[in-house]
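Engineer: One structure, pasted below without further comment.
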Amino acid sequence: MASSLRALRPALSTLSRASRTTALRQFSPAVTLNAGRQIRTFTDDVHNTPVFHLTEEENMLKEVVSKFSNDVILPKVRDMDEAETLDKSVLEGLFEQGLMGIEIEEEYGGSGMSFTAAIVAIEELARIDPSVSVLCDVHNTLVAQAFRKWGSKALKEKYLPRLATESCGSFCLSEPASGSDAFALQTKAVKKGDGYVLNGSKMWITNAMESEIFIIFANINPDAGYKGITAFVAEKNFPGFSIAKKEKKLGIRASSTCVLNFDDLYIPKENILGEEGQGYKYAIGILNEGRIGIGAQMTGLALGAWENAVKYCWNDRKQFGKLIGENQGLRFQIAQARLEIEAARALVYNAARTKAAGANFVMEAAMAKLYASQVAGKVSGQAVEWMGGMGFVREGLAEKFWRDSKIGAIYEGTSNIQLETISKILQKQYTN
Ligand SMILES: Cc1cc2nc3c(=O)[nH]c(=O)nc-3n(C[C@H](O)[C@H](O)[C@H](O)COP(=O)(O)OP(=O)(O)OC[C@H]3O[C@@H](n4cnc5c(N)ncnc54)[C@H](O)[C@@H]3O)c2cc1C
């Protein structure tokens, strides 16, 4: 089936161009910074739109993802959670819809859209199932992105078309002894012939059960410390690669999380991603971007939990002769929760647009991820209470959203690590 996104793309770009022109015309000739001498117009670099205003292309994408989430994912959410397995048809659907190659260039079979478009998709998927959302997030914002940024021409030609159309990817950094202190990793790569032999293990690897392509960080020169860390590309069928264990988790249970073992895993030289010894820089860079994705996942989760509960409170459940959502005690909590979700969304889209503008976005990304995960935990917990006993049982989605929310404070840098990043940047700014 042709991708809906791909089918829509030509029309979308025409519309976007047209609407951009109209918008610009509306505001031109623009206010000048200096009335006497026209230095430059505000419209040169300021968009007169709310930070999470979506372009027509992004709006269309949102509709496509929303339809796919409701039609294909929603009927399977509960069963996938109980079975702790992703339904194969969901993964196939993500590929068919063009959602596994959102930023991958069209020449490689991707949808050729923007980073913000990926954020829109991740958020929208999480509104229905945060497990599917993280699969899409890791694949797009970490794996495909790493190939796009640092892959040689040969690696791009070999792997990007597969990532866009048929093969899921994993990003393998964490190990049993190195979590927050990621660069203390122990997996070693020793030169052999025309390649490297890897020995060690990775822990907590998202998508491992579904993936065929793995970016693995290993140290080629432990004496150089983190400066020996190098990124390698392995495939599931490479001899020496194995999945040792699939974790049983509190939340996002349909998302696979595994321990990987490398036992003399041979990787040919051409499968080094980027330059030797630069892996630590790549990991830092890509995780900074990835955090915006987790912020989007948590914002979508919070909105999904909120919507699920308010529909019940304002339509279904009556006590003392009126809908429970008519009580001021509940109404005010509902309004406050929505306010916090909108604030989280603003941080997430601000971080995404800051990145798109080419500006430094490290603090913005950390703030977005931290705050969105806090809001997701708070709102999904409240939503369980708003629904009373019905929020607590494993029939609806309320309790699942709450369980799923907890991971937001852990992966791609714990909440403490985000606070550390934010405070370091601020301290630098405010130190004489
Ligand atoms: C479901 C799931 C999926 C994951 N997916 C992936 C994946 O695909 N790829 C991958 O590479 N990794 C993945 N991870 C790993 C994840 O990124 C780590 O779990 C995370 O970085 C935290 O590491 P840790 O679990 O070892 O906790 P630890 O580092 O042991 O931290 C434990 C506690 O100590 C605190 N702490 C640690 N150091 C400091 C400090 N300096 N200051 C203040 N507090 C500190 C932390 O904030 C935390 O509260 C995943 C993890 C999970 C649970």
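Placed from the backbone N, Cα and C atoms, the Cβ positions cover glycine too.
Quick paste from TrEMBL:
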type   : residues : note
DOMAIN : 55-165   : domain 'Acyl-CoA dehydrogenase/oxidase N-terminal'
DOMAIN : 170-264  : domain 'Acyl-CoA oxidase/dehydrogenase middle'
DOMAIN : 277-425  : domain 'Acyl-CoA dehydrogenase/oxidase C-terminal'
Engineer: Let me know the model's mean pLDDT on the domain 'Acyl-CoA dehydrogenase/oxidase N-terminal' (55-165).
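Structural biologist: Averaged over the domain 'Acyl-CoA dehydrogenase/oxidase N-terminal' (55-165), per-residue pLDDT gives 98.
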Engineer: Give me the DSSP three-state residue breakdown of the domain 'Acyl-CoA dehydrogenase/oxidase N-terminal' (55-165), ordered helix, strand, coil.
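Structural biologist: Split by secondary structure, the domain 'Acyl-CoA dehydrogenase/oxidase N-terminal' (55-165) comes out as 86 helix, 0 strand, 25 coil.
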Engineer: List the helix, strand and coil residue totals of the domain 'Acyl-CoA dehydrogenase/oxidase C-terminal' (277-425) as derived from DSSP.
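Structural biologist: Helix (H, G, I), strand (E, B), coil: 122 helix, 4 strand, 23 coil.
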Engineer: Provide the three-state DSSP residue tally for the domain 'Acyl-CoA oxidase/dehydrogenase middle' (170-264): helix first, then strand, then coil.
Structural biologist: 10 helix, 52 strand, 33 coil
